[in-house]
Amino acid sequence: MKKVSIYTDGACSGNPGDGGWGAILIYGNHEKEVSGFEKDTTNNRMELVAAINALKMLKEPCEVDLYSDSAYLVNGFLQNWVEKWKKNGWKTSNKEEVKNMELWQELDRLSNIHKIRWIKVKGHSDNEYNNRCDKLATDEIKKNSKK
């Protein structure tokens, strides 16, 4: 299985508001940057979308180290939220529908294809790749938002 590192970040101008996401995939000496934009979204959705789109770039099952500064994204798997939600019919402990359910379901599907290690990094720190992802995300907002 190929080993790939993925860094992701999401950003929002207003919450909700215009959002951007960015990701960097690293395999050996190769790097690929991807990014995108959505209107009327939230920062949490952008964090999930960044991870989904990065994982969808992989053409075969891989061992993935996925780095994110989003506790929301990382804890979904490290704290077993996703497993609990699935057992509860995608309802929270308060019997409410899980927010961003369709995105969590897609991440769950992708996590069954790839062997993913979810790694929390400190946001806006000295992590070069996280900072680059943040710039990709915010550049998408600047490029696509109405002035």
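Just so it is clear, glycine is given a Cβ too, placed from its N, Cα and C backbone atoms.
Source: prediction; values computed, not measured.
Residues within less than 8 Å, Cβ to Cβ, of Asp9 (Mg(2+) 2 binding site) and separated from it by at least 6 positions along the same chain comprise Trp21, Gly22, Ala23, Glu47, Ala50, Ser68, Asp69, Ser70, Gly123, Asn130, Cys133, Asp134, Leu136, Ala137. Look at Swiss-Prot and you will find Asp9, Asp134 tagged as Mg(2+) 2 binding site.
DSSP assigns Asp9 (Mg(2+) 2 binding site) to a strand segment in the three-state reduction. Taken from Swiss-Prot, the feature Mg(2+) 1 binding site covers Asp9, Glu47, Asp69.
Taken from Swiss-Prot, the feature domain 'RNase H type-1' applies to 1-142.
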Across every protein chain in view, the count of C-beta atoms other than its own within 10 A of the C-beta of Asp134 (Mg(2+) 2 binding site) is 20
Determine the Cβ neighbour count for Asp69 (Mg(2+) 1 binding site): the number of other Cβ atoms within 10 Å of its Cβ.
-> 22
